[in-house]
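Asks: So TrEMBL says this about it:
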type	residues	note
TRANSMEM	38-59	transmembrane segment
DOMAIN	53-404	domain 'G-protein coupled receptors family 1 profile'
TRANSMEM	122-145	transmembrane segment
TRANSMEM	157-178	transmembrane segment
TRANSMEM	210-236	transmembrane segment
TRANSMEM	347-371	transmembrane segment
TRANSMEM	391-407	transmembrane segment
Amino acid sequence: MEGVIVSFANDTIAPEVNSEESVRFLDSAEAVLLRRCLYYFINQVVLAASLVTNTLNIVTFIKAGLSESMSCLFLGLSISDFLHCALVFIERTLGVVEIYSNQQSIVNLLTLGFFFVRQSQIWHVASTLLTVSAAIQKCACVTFPLTFRFFFTRRRVVIVVLVIFASVFISYIPIFVVDTVRPYFSTRFNRTRLIITRRYPKLYRESADYYLFANYVCLPFIAVSLDIVCVIIMTWKLREAARTRQDMTAGQSQVRDISRKVPAASRNSKSKKICAGEGRQNLETNEPSVHNLSNNSGHNKNCSTVGDTVKAHSDEPNDNTECAETNKSNKNVLNERELRVLGSVNLVCGIFICGTAPYCVLTACALFLDAFDHRGRDFTLYFILKSAQEVVYFGSTGVNIFVYYAYNTKFKKAFNRIFASLLPRAFSSI
């Protein structure tokens, strides 16, 4: 353990390996500086920005109200992203204090940071599951609208979010119960310090291997694969809906153009013929006069409005049938609100894919290349690429606010109200 701690202090994040077996790729002062800048500086800036945006997401969703199911799911996603970024931010801050501060605390802050890293893994897994849940939900709604269009209610989505949070937290309990605190003598600082170590090392190794393989190998690959399939389906449905709306708009404009071309004289003559035909029909039926008198007002209304009816249907005798078929087909056409929700879920899933796919590639290389690992020969290159991938991932958790603002009308109004109330206060304080 001492060798690992000294190595963390000297090389930031790289464990110590035997010198005769170590042929480090890019082992230079520039490589170490680049790694530290990515891990402790650039990542910290991106994490701070993500914390701010996710805080705004949480406040805005609460202010806007949670009347829609997708708003509840996006709120849960914002909470999990916020907690994940906050815990990682604390771990990186403790590492900076431990390495660069002259005042060494009695507790080794690097090992304390490991505790926060394990806590952050809970919310990382929860964010992944919530994103996949949103993708599957909207994909099912647009693929099988008659079955799932009204299936995912607000109450059911809230239950799904709570079940995901509870199940992930319960599954990580074995990881938390193996930690303990013990003293050790640091030869580097020539003093006794406290470290957080494992109470049951064998149990921890077995459980840690399982959790790492399940949550950092299987889950990202499965989540990215499902999200890619759902994004393809949702993109195809969005394009299909756009074409349908264009066809409907073109048909309506064509009907308006035809109605404008109908001469006024023909409309008047047709209206007179229709009114005369209705009068002859009433005389031929020999109905009681009281009934005829009661129907006179209706006949007059028909005569006054029949011109408009002829105006819309004079040149299209089968318009009633076509309108009925259009109304019937419109039941499966997504309205504007549903299209906006579908577009927001599509973009959120696309952002998740962009942030997680590099990690999947990096993990695959580490699995099949023995030298390319955190304990292998090329661990310097591995940590540089891993730190760059973390910049992309943490940045992807912070840009969802732009999707919510562009596609969620309630979110946009609440966000504008919040800033409209905050800006006057800020200027007045200045």
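Backbone N, Cα and C define each Cβ position, glycine as well.
What you see is a predicted model, and the numbers here were worked out from it, not measured in a lab.
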Asks: Examine the transmembrane segment (38-59) against the transmembrane segment (391-407) and state whether at least 3 Cβ pairs sit under 8 A, considering only residue pairs 6 or more apart.
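Replies: Between the transmembrane segment (38-59) and the transmembrane segment (391-407), contact is present.
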Asks: Residues of the same chain, at least six outside the transmembrane segment (122-145), with any C-beta under 8 angstroms of its C-beta?
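Replies: Distal contacts: 70, 73-74, 76-77, 80-81, 83-84, 87, 151-152, 157, 160-161, 164-165, 168-169, 172, 215, 219-220, 223, 226-227, 229-231, 233-234, 237, 332, 334, 338, 341-342, 345-346, 348-349, 352, 356, 397.
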Asks: Could you pull out which residues elsewhere in the chain have a CB under 8 Å from any CB of the transmembrane segment (210-236), counting only those six or more residues past its ends?
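Replies: Residues 121, 124-125, 128-129, 131-132, 135-136, 138-139, 142-143, 172, 175, 342, 345-346, 349-350, 352-353, 356-357, 359-360, 363, 367.
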Asks: How about long-range neighbours of the transmembrane segment (157-178): same chain, 6 or more residues beyond its ends, C-beta under 8 Å?
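Replies: Beyond its ends, the transmembrane segment (157-178) has Cβ neighbours at 69-70, 72-73, 76, 80, 118, 121-122, 125-126, 129-130, 133, 137, 198-200, 203-204, 207-208, 211.
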Asks: Who are the long-range neighbours of the transmembrane segment (391-407) in its own chain, taking Cβ under 8 Å and residues 6 or more past its ends?
Replies: 38, 42-43, 46-47, 49-50, 52-54, 56-57, 60-61, 74, 77-78, 81, 84-85, 88, 127, 340-341, 343-344, 347-348, 351-352, 354-356, 358-359, 415
Asks: Averaged over the domain 'G-protein coupled receptors family 1 profile' (53-404), what pLDDT does the prediction give?
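Replies: When the pLDDT values over the domain 'G-protein coupled receptors family 1 profile' (53-404) are averaged, the result is 73.
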